[in-house]
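Below is one structure, written out as structure tokens, with a few remarks after it.
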Amino acid sequence: MAELEGLEFGKSDFVLLDEVTMEQFMENLKLRFEKGRIYTYIGEVVVSVNPYRQMDIYGKDTIDAYRGRELYENPPHLYAVSDAAYKAMKRRAKDTCIVISGESGAGKTEASKYIMQYIAAITNPSQRAEVESVKNVLLKSNCVLEAFGNAKTNRNDNSSRFGKYMDINFNFNGDPTGGHINNYLLEKSRVVQQQDGERNFHSFYQVLVFCSTSNTFTDQKEPPRVFFFLQTSNNDRSSHKAVMNALGVIGFSEEEISSIYQILASILLLGNIQFESDGENVQVLGQEAVKHISELTSTDPDSVTKSLLFRTVATGGGEVIEKGHSEQDACFGRDAFAKALYERLFGWIVSRINSIIEVKDYNPVLHGKNTVIGVLDIYGFEIFDNNSFEQFCINYCNEKLQQLFIELILQQEQGEYQREGITWQHIDYFNNQIIVDLVEQPHKGIISILDEACLSVGKVTDTVCLDSMDTKLSQHPHYTSRKLSPTDKTMDFQKHFRIRHYAGDVTYSVEGFLDKNKDLLFQDFKRLMYNSSNPVLKEMWPDGQLSITEVTKRPLTAATLFKNSIVALVDKLACKEPYYVRCIKPNEMKSPVLLDDARCQHQVAYLGLLENVMVRRAGFAYRQPYARFLQRYKMTCEYTWPNHLMGSDREAVEAIVTQHGFQDDVAYGHTKLFVRTPRSLFSLEQERAALIPILVLFLQKVWRGALARSRCRRMRAVYTIMGVYKRFKVKAHFWEVERRFAGVRTTADYGKSVDWPTPPAALSQFHNITVMWWARQIVKNIPPSDMLEVRAKVSALTALSGERKDWGVGRAWERDYLVRDSPQTSSGFIRVSKELKNKDEFSQILFSGSCRKVNRFNRSTDRSLVVTDKYIYKLEPKKQYKVLKKVPLDSFTGVSVTSGVDQMVALHTSSQDDVLLCLQRGELSPNQDRVGELVGSLVDHFTRSVIHQHLAGIFQVALLNLVNIVDSTKNTTALLCA
């Protein structure tokens with residue numbers, strides 16, 4: 001558990017104030033701000049003060065400290081309310097939303113970014129690639145939307161000039177799977193006009209960086225430096241680099257990014273177009289800008305000029321005429337075109353992001369319930385020196401959000417206590433429904449009066465509209481004008497009207513209200529953009545495909561469209577469980593050390609924070625129907641687990657509360673239990689969390705036992721079937737053996753040519769024994785004189801392992817070929833062999849034959865080879881079989897032969913004095929292979945030798961493992977070296 005704050009930092013929750021007064025509230029707020037504590041709770045509401053400096057409270061360690069913790073376990077933080085919203089969504093499968101409110105410059109945009117970063121950090125612990133991709137797109141979308149939707153104002157260097165509501169979709173596992181972004185009322189008038197000291201949207205300054213390297217504006221070496229739509233400039237290279245990176249991460253193609261910046265460049269060039277009139281006709285001053293605009297928008301230069309100077313109109317009879325603009329109308333059309341271009345571009349970027357991150361092909365049956373966390377970052381309440389139509393819409397939006405806050409936090413809270421029969425002292429608060437009705441009420445509200453004026457036939461001016469408002473709203477307590485209050489000199493006649501908002505009085509200038517509400521754009525511009533060869537531009541203007549004579553329904557006004565979108569937004573928020581972040585702007589100088597008391601008191605008052613504290617102190621932090629409370633916590637009480645036997649769920653809930661000893665901290669309603677402090681609920685959650693593993697183990701044990709018993713029954717059945725089948729296979733095998741070997745005793749080969757049937761696995765050992773017995777029956781019929789040859793062939797077969805194709809198995813092995821091959825000299829050899837036998841006392845000759853010896857110089861001579869059971873002799877046949885070399889048989893370590901049909905043999909000795917020779921086949925049998933006979937005789941001898949049993953084992957291993965079957969293509973030198 002993270003360390004909590006000390007008293008020197010003030011009260012971390014305004015509910016803990018000794019007295020709920022504005023003085024104590026401001027004293028605690030100021031103390032915490034001075035101590036660097038910018039977050040304070042009101043129950044589950046976070047009050048955030050803009051610090052106007054970087055703070056080291058958003059790193060990985062801080063995220064880990066708040067992950068999975070309850071609100072009161074750690075000091076107040078945005079991460080705490082983010083985690084609370086995430087846990088509510090994951091635990092109860094309940095859609096939640098985080099509403100960030102406050103005036104311009106209070107830190108709403110930064111708060112929304114930190115909330116998004118926290119949600120991204122605590123999800124997807126397994127690092128699944130598809131989830132990481134969704135998270136990256138959601139995070140990078142903030143960077144892109146800030147660049148195209150934010151601007152520097154006199155009150156805020158990064159003010160959101162549009163409203164943004166983002167839904168983040170989560171799967172059953174709590175990982176983000178997609179999202180959707182809604183944007184509201186982009187302040188497009190800023191494209192063509194800004195107040196003194198303010199800037200246009202950030203994207204326009206970043207496009208200068210883009211164009212300085214890509215030479216987008218002109219063919220000159222340097223792009224133009226002065227644009228009438230830009231009052232100031234700044235070095236935005238780093239921001240441009242971040243936006244380009246974000247566009248790439250999100251998934252915009254190179255062609256789409258290039259199109260975006262071409263459109264921005266064309267908007268800037270539109271601002272540089274000037275007109276002149278000779279009294280009858282209007283002309284464009286200079287065609288250079290028009291030429292570049294046509295290049296950037298992939299349109300015809302003449303069509304661009306024509307759209308700027310003329311308006312194509314279809315008469316009632318179907319006749320098409322071209323009506324030339326006055327100089328004033330041409331300027332109005334140019335500005336309207338520039339604003340519409342930027343608005344369409346911004347809307348296209350948002351829809352393009354949505355097409356990437358929206359959840360596709362979601363099946364609740366397969367993927368579980370899809371839950372949502374909404375994050376609302378919308379423009380704050382604004383009071384400028386000159387407040388126009390945009391400020392009117394923005395402040396109406398804030399009235400609607402304040403109304404939602406009142407309904408959910410104050411009105412519904414107290415209404416629920418009354419319905420449930422909870423003892424409650426009513427708390428008065430200001431309900432701004434009357435102001436909302438002033439703006440949106442059908443037929444009587446300001447928006448209805450504006451729409452009526454826009455639809456009227458004839459010349460209806462802003463002044464006429466103001467007179468209509470004065471007439472219809474003269475009795476409204478929150479509306480006034482100079483006509484209704486002649487003594488108020490802060491307003492001008494036929495220009496200003498004032499609304500008493502919940503956040504304070506705002507004076508609006510009616511100039512331009514009707515034009516901005518009509519939001520007129522000549523159809524010529526729409527057709528021009530639709531006919532562009534740039535696919536991105538064409539996609540932005542689908543309404544440009546209508547022909548000139550095609551009649552369309554009159555579009556809704558800007559105010560009505562905005563009202564409808566805000567009503568839909570409020571409905572969407574109302575069906576979710578809300579969490580609030582109330583942002584406060586400490587001063588107008590953007591100072592990190594100054595907290596303006598009067599400025600902050602005004603914000604605290606109109607945000608209704610004192611009333612929120614009062615309701616929270618008198619109210620209950622948590623409420624739940626008895627059945628749901630019982631379902632979640634029944635395992636913590638012995639009287640309710642697994643099922644209670646009491647009269648009602650309420651009695652069972654009372655048993656749980658009594659057992660845990662916090663009956664003084666709850667109230668029992670008609671259908672719900674109310675818990676006053678989160679600490680009581682947290683103690684239940686802790687005990688539940690401790691019991692869950694035990695219950696899981698118990699359920700696992702029961703389930704595993706059931707599975708084991710089921711597997712055991714299946715295994716018994718399987719073994720029974722296997723036993724019956726095995727017995728059948730054994731009997732079938734015996735029947736087949738009996739059938740095949742019937743009458744083999746009478747055959748000449750005693751059944752040698754009969755193939756044995758493949759035995760079942762259970763009879764494999766028995767089969768081997770049977771085959772051995774059968775082999776012994778065959779061997780018994782072999783004469784004793786042939787047994788030596790048979791054993792030698794078996795030994796050769798084992799040693800050569802099938803590596804040598806022909807090794808003489810099909811012929812009779814004579815062993816002593818010096819006697820057989822040369823009858824004329826055999827007497828001399830017989831005499832020498834007897835002398836050697838007497839002298840060296842060997843028992844028998846294992847192999848003898850003529851050969852050619854090959855020395856290391858590749859020279860060969862005729863020799864005779866005699867292998868006995870003790871020595872190997874090399875004899876000179878031309879000198880009466882003189883012994884040239886005698887080597888003890890036990891000094892040989894291996895033999896190498898080739899895989900071909902040649903008779904090359906290498907005998908290896910322990911003294912490295914190897915013998916390389918080629919056996920000769922003899923004159924009588926020129927095609928005989930004698931290599932196999934030599935190898936078989938040696939292996940058989942050492943295998944059967946009892947005296948040299950140990951050596952036999954060694955030599956047999958050597959013959960089996962060290963016999964080299966050398967490729968027959970190798971020459972003798974290579975063989976000797978091997």
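Positions of Cβ are set from backbone N, Cα and C atoms, glycine also.
Note that the structure is a prediction, hence the values are computed from the model and not measured.
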> Between 336-358, 566-588, 681-703, which stretch does TrEMBL give the note region 'Actin-binding'?
Replying inline: 566-588
>> Test of understanding: give the count of other CB atoms lying within 10 angstroms of the CB of Gly105 (ATP binding site).
In response: 24
> Name the residues of the same chain, 6+ apart in sequence, whose Cβ is under 8 Å from the Cβ of Ala106 (ATP binding site)?
Replying inline: Ser48, Asn50, Gly380, Cys583, Ile584, Lys585, Gln603
> Against which stretches of its own chain does the region 'Actin-binding' (566-588) lie, if we need a Cβ under 8 Å and a gap of at least six residues from its ends?
Replying inline: 29, 33, 42, 44-50, 52, 78, 81, 84-85, 88, 94-108, 111, 115, 155, 165, 182, 184, 372, 374, 376, 380, 396-397, 400-401, 403-405, 407-409, 440, 594-596, 599-600, 603-604, 607, 609
>> Using a 10 Å radius around its CB, how many other CB atoms surround Ser104 (ATP binding site)?
In response: 21
